[in-house]
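If you look up Swiss-Prot, you'll see 14-19, K56, 72-73, K89, 149-152, K172, 177-178 marked as ITP binding site. Residues or ranges marked as Mg(2+) binding site in Swiss-Prot (evidence: sequence analysis): E44. Summarising the annotation, Swiss-Prot assigns N-acetylalanine to A2 and lists similarity to another entry as the type of evidence.
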Amino acid sequence: MAASLAGKKIVFVTGNAKKLEEVIQILGDKFPCTLVAQKIDLPEYQGEPDEISIRKCQEAARQVQGPVLVEDTCLCFNALGGLPGPYIKWFLEKLKPEGLHQLLEGFQDKSAYALCTFAFSTGDPNEPVRLFRGRTMGRIVVPRGCRDFGWDPCFQPDGYEQTYAEMPKAEKNTISHRFRALLALQEYFSSLTPGVGDDHPSWGSGEG
């Protein structure tokens, strides 16, 4: 049961140190478990975002034989019917941020949304995988800002003049799709362990 995980380690499936750093910063010191990063080779599933997240989490839990947290991020262009969506990783590798912007060159609609899904498994195959989602609306722009974090340079959230890459990390971490998904995750764990997360400095900033 998830309620019995307080104080224990959860394997966060990532080989990206910056991603782990950002997740820990957002969750804060009130999160009842310790996240440890571990790179795991998972199959590249295809399908809808929820389906992909569940299958990846189930496979990660099978390999780890314990509690795991798996993150999937989609960048969805409305003009392209939601693409690249869960396949943004390969689009970014081939096209870079400039190419992502150029994909929409022939479209008036530059709107997009960033979707983050965290899938959590206790490690027990008989328990369902739980999904926690966060979405931030924005638009695709000419890349600006630091190039050390994926497609951040070409995504400008609604209501802001800066791209994700131009924002101070602390500011980005109060509006991002990742923040919103982690807020849902934190609230779930807080409901299992009363008093946890009550004093998080960013609470209330993530609901749009």
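Using the three backbone atoms N, Cα and C, a Cβ is placed for every residue, glycine included.
Here the residue listed as 'Mg(2+) binding site' is positioned 11 angstrom away from K89 (ITP binding site), judged by their C-alpha atoms.
Distance from the CA of E44 (Mg(2+) binding site) to the CA of H177 (ITP binding site) is 22 Å. Considering only the binding-site residues K56, K89, H177, the Cβ with the fewest other Cβ atoms within 10 Å is that of K89. The local packing around A17 (ITP binding site), expressed as other Cβ atoms within 10 Å of its Cβ over all shown chains, amounts to 9. Using CA atoms as reference points, the binding-site residues T14, K56, W151 were checked against the residue listed as 'Mg(2+) binding site', and the closest is K56. Around the Cβ of T14 (ITP binding site), 18 further Cβ atoms fall within 10 Å across all displayed protein chains.
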